[in-house]
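Student: For 54-138, 176-252, 338-412, 455-530, the entry in TrEMBL reads domain 'RRM'.
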Amino acid sequence: VNLNVTEIRGSDELLSGSVLNSPNSNMSSMVVTANGNDTKKFKGEDKLDGAPSRVLHIRKLPGEVTETEVIALGLPFGKVTNILMLKGKNQAFLELATEEAAVTMVNYYSAVTPHLRNQLIYIQYSNHKELKTDNTLNQRAQAVLQAVTAVQATNAPISGTTVSESAVTPAQSPVLRIIIDNMYYPVTLDVLHQIFSKFGAVLKIITFTKNNQFQALLQYGDPVNAQQAKLALDGQNIYNACCTLRIDFSKLVNLNVKYNNDKSRDYTRPDLPSGDGQPALDPAIAAAFAKETSLLGLPVAAVPGALSPLAIPNAAAAAAAAAAGRVGMPGVPAGGNTVLLVSNLNEEMVTPQSLFTLFGVYGDVQRVKILYNKKDSALIQMADGNQSQLAMSHLNGQKMYGKIIRVTLSKHQTVQLPREGLDDQGLTKDFGNSPLHRFKKPGSKNFQNIFPPSATLHLSNIPPSVAEEDLRTLFANTGGTVKAFKFFQRDHKMALLQMSTVEEAIQALIDLHNYNLGENHHLRVSFSKSTI
């Protein structure tokens with residue numbers, strides 16, 4: 001039986017398991033648009049579990065799904081030889097090289113529920129034994145197929161057609177190794193989780209720096225998801241014109257995560273300690289959440305932010321979502337809202353200057369306004385949308401002057417300055433022309449040194465006359481305890497200094513960044529990724 005787009009005989013339109021509640025179950029023929037402009041009749045045949053065929057019928061596809069994503073479903077089982085997308089119907093026909101490959105695929109997906117973009121889809125045999133598509137109509141799909149086949153040929157040393165081989169070859173690791181090139185903006189573990197979750201449940205992530213490059217290992221529950229993610233994301237940019245993903249399969253097949261923090265996370269074990277002195281989640285609460293989230297099918301990151309350092313604060317998730325939304329969208333400016341709303345501030349202590357210094361670690365703060373009627377809240381305007389996302393994802397949930405601050409995107413587009421001659425008690429400050437902006441110079445080294453708040457601080461611009469003891473005393477005077485200190489071997493202008501908690505380090509940075517050490521040397525302080 002040949003399936004021609006021009007006269008498609010017999011239909012796979014009817015639902016395999018739920019004919020009764022199918023809106024189409026009483027139709028004898030239906031209209032389908034093949035790739036948008038060729039409307040043809042399908043004769044309904046009410047056929048459910050047909051005989052095996054190398055053509056598979058896939059239903060309930062998400063609206064915006066691409067050919068590549070549908071092809072990726074079939075790739076692990078063997079060569080995909082043709083595809084026909086029925087965009088208007090949210091359906092597709094996928095043809096594999098052999099019937100055995102199709103049988104393996106159908107059997108596999110009857111045990112493992114198939115999802116695309118977190119939406120349940122249905123796969124069954126088609127009545128058609130092969131797809132004959134009108135190539136002018138189907139050019140785009142053919143181009144995608146050729147590209148994918150080329151990629152597959154380079155990845156799979158055995159291009160076997162027998163099912164035993166073709167099923168074995170792509171049984172690649174469920175673990176991906178991810179390298180990020182052109183990292184002008186930092187990419188956090190949460191951003192990676194958000195992006196890669198589109199292709200299946202992410203179980204574990206470990207991030208590290210190797211050869212001065214940010215890298216990550218990310219484990220799915222299934223190699224098929226890893227294959228799909230690699231296919232769709234390799235070579236894509238996370239942000240506009242930077243942070244390019246380079247993805248390979250890892251030789252590891254399982255990751256062993258010891259701590260849940262901003263460097264590593266095991267989403268299946270919310271009970272793990274955070275490893276940096278912060279208390280982990282109470283085990284009883286953790287167990288309850290793990291149970292609840294697994295029932296909901298949510299990753300464990302759904303634990304509310306207030307409970308533990310391991311939980312992604314909602315705002316960080318929002319930042320990650322915004323970043324994920326920008327994946328591979330060349331030409332989209334790094335827009336987004338530049339104004340942040342910060343709440344639960346310590347109103348006795350906070351000043352525009354202290355907010356400028358802390359938020360200035362993640363971007364160039366333009367204006368700060370502490371709200372006159374609600375002095376525990378402030379509006380902070382950053383230079384661009386990426387900077388506000390960064391500041392939000394790194395600072396939401398941190399402690400400043402003893403209070404856990406909340407950072408969200410504001411609905412305001414700008415921060416208004418008070419009218420001329422109006423005294424607002426110094427609550428609003430314009431930092432537009434500040435000499436202290438860290439990111440004014442395009443491509444500045446500072447872009448590569450943005451890290452989450454940490455107990456260890458990186459100090460630079462130290463004059464030769466200042467000794468370790470001086471710096472220890474200076475930092476102890478900010479109210480914390482200095483646990484360790486070390487000058488850089490090659491360069492005594494720089495040092496690492498470790499406070500006993502992240503909160504103490506935040507306080508020390510606010511108090512001492514740009515501190516005048518004499519000899520016209522102003523101390524520069526930032527968070528470090530290293531420990532001493």
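Glycine is no exception: its Cβ is also placed from the backbone N, Cα and C atoms.
Because TrEMBL annotations are produced automatically, they should be read as predictions rather than curated entries.
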Student: Provide the three-state DSSP residue tally for the domain 'RRM' (455-530): helix first, then strand, then coil.
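Tutor: Split by secondary structure, the domain 'RRM' (455-530) comes out as 20 helix, 22 strand, 34 coil.
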Student: What does the DSSP secondary structure composition of the domain 'RRM' (176-252) look like, as residue counts for helix, strand and coil?
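Tutor: Its residues divide into 22 helix, 34 strand, 21 coil.
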Student: Looking at the stretches 54-138, 176-252, 455-530, which one shares the most CB pairs under 8 Å with the domain 'RRM' (338-412)?
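Tutor: By the under-8 Å Cβ criterion, the domain 'RRM' (338-412) pairs most with 455-530.
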Student: Of the residues in the domain 'RRM' (54-138), how many are helix, strand and coil by DSSP?
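Tutor: Secondary-structure composition of the domain 'RRM' (54-138): 27 helix, 29 strand, 29 coil.
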Student: Under the DSSP assignment, what numbers of helix, strand and coil residues are found in the domain 'RRM' (338-412)?
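Tutor: The counts are 19 helix, 21 strand, 35 coil.
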Student: Mean pLDDT for the domain 'RRM' (338-412), rounded to an integer?
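Tutor: 94, rounded to a whole number.
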